[in-house]
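S.K.: What Swiss-Prot shows for this protein is this:
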| type | residues | note |
| --- | --- | --- |
| DISULFID | C125-C188 | disulfide bond |
| DISULFID | C227-C283 | disulfide bond |
| MOD_RES | Y344 | phosphotyrosine |
| REGION | 25-114 | region 'Alpha-1' |
| REGION | 115-206 | region 'Alpha-2' |
| REGION | 207-298 | region 'Alpha-3' |
| REGION | 299-308 | region 'Connecting peptide' |
| REGION | 338-365 | region 'Disordered' |
| TOPO_DOM | 333-365 | topological domain 'Cytoplasmic' |
Amino acid sequence: MAVMAPRTLVLLLSGALALTQTWAGSHSMRYFSTSVSRPGRGEPRFIAVGYVDDTQFVRFDSDAASQRMEPRAPWIEQEGPEYWDEETRSVKASAQTDRVDLGTLRGYYNQSEDGSHTIQLMFGCDVGSDGRFLRGYRQDAYDGKDYIALNEDLRSWTAADMAAQITQRKWEAAHAAEQLRAYLEGTCVEWLRRYLENGKETLQRTDPPKTHMTHHPISDREATLRCWALGFYPAEITLTWQRDGEDQTQDTELVETRPAGDGTFQKWAAVVVPSGEEQRYTCHVQHEGLPKPLTLRWEPSSQPTIPIVGIIAGLVLLGAVITGAVVAAVMWRRKSSDRKGGSYSQAASSDSAQGSDVSLTACKV
């Protein structure tokens with residue numbers, strides 16, 4: 001039996017404490033990584049980010065001067081040097097594996113050495129309000145397309161094409177799913193509980209949305225009504241338009257929820273309406289931070305008809321910056337919770353110093 005290191009003992013104690021507590025709703029921990037080859041310009045660039053719910057808490061960039069996993073949330077800064085050493089070691093090992101895999105995959109697809117190619121990877125786990133394991137996932141993509149994913153049973157794989165079937169056979173022979181399942185159901189959950197406790201003032205808060213409606217004339221016959229929700233957390237929110245009480249799903253323009261840059265989120269939904277019929281339309285807002293859903297209606301006497309191009313442009317620019325920062329990893333992420341997957345990396349079975357991202361050390365394709 002392996003000797004339990006102090007760090008592991010602390011982790012288990014914090015996990016036991018977490019089981020006596022409850023949180024509102026489910027929570028998740030996810031890691032995303034992206035490797036981009038740069039033929040003729042050195043080693044591939046590797047970026048990894050970790051999220052608890054909608055909050056980024058760690059980041060690594062192989063082009064950064066520090067060459068270390070770095071904190072991105074105040075509550076993670078309390079972790080000691082051993083934690084950061086292990087996280088850095090793990091993420092660098094993953095970068096090295098990706099360098100090898102880029103060459104292997106290029107061979108699988110019979111591609112030349114001239115072009116740039118991309119590997120993307122996502123894995124993580126969810127816990128319920130009682131802190132117990134709900135689900136785990138892992139997905140891999142190559143050049144922006146699905147490659148292989150762990151199935152919901154955490155015991156089998158789905159390969160996207162013939163090349164991915166080669167990887168599937170390798171991983172099945174190595175019992176990779178079993179090792180990954182042990183990580184997802186064990187270490188991943190334990191660290192997520194620890195993070196939720198240490199960062200509870202941030203991670204378990206609810207900021208209700210600030211809402212308003214704007215009116216944008218298109219012509220003498222039509223106008224756009226845009227329903228805004230700003231400054232809310234967590235990111236999950238529902239905006240719906242109704243006309244005379246009937247949902248207008250097909251006619252609604254809805255943008256993705258976007259980070260505001262201050263730890264909160266923004267979203268809007270718009271609908272084109274006949275001029276003079278604005279009062280027949282209502283916007284309905286549902287969010288965890290609201291005691292009950294909000295209903296908004298255009299009131300021309302109290303809300304000016306002013307184009308808000310500056311705000312829209314700012315949101316678009318912010319979205320572009322965020323996307324660039326993670327090299328499109330979040331763009332590839334599944335938008336539907338029932339299609340979740342995750343990225344496999346071999347979980348250590350007895351390494352008492354392993355970090356929360358131990359599975360970034362990937363099994364080669």
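Even glycines carry a Cβ here, placed using N, Cα and C.
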S.K.: Work out how many Å separate C283 (disulfide bond) and C125 (disulfide bond) at their Cα atoms, rounded off.
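M.R.: One finds 34 Å between the Cα atoms of these residues.
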S.K.: List the helix, strand and coil residue totals of the region 'Alpha-1' (25-114) as derived from DSSP.
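M.R.: In the region 'Alpha-1' (25-114), the DSSP-based counts are 31 helix, 27 strand, 32 coil.
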S.K.: According to DSSP, folded down to helix, strand and coil, what is C283 (disulfide bond)?
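M.R.: In the DSSP reduction, C283 (disulfide bond) maps to strand.
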S.K.: Report, in whole Å, the straight Cα-to-Cα distance of C125 (disulfide bond) from C227 (disulfide bond).
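M.R.: It is 33 Å, counting Cα to Cα.
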S.K.: What's the number of neighbouring CB atoms sitting within 10 A of the CB on C125 (disulfide bond)?
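M.R.: Cβ-Cβ neighbours of C125 (disulfide bond) within 10 Å number 26.
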S.K.: Summarise the region 'Alpha-2' (115-206) by DSSP state, stating how many residues are helix, strand and coil.
M.R.: 39 helix, 29 strand, 24 coil
S.K.: Using DSSP, how many residues of the region 'Alpha-3' (207-298) fall into helix, strand and coil, respectively?
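M.R.: Counts, helix then strand then coil: 6 helix, 56 strand, 30 coil.
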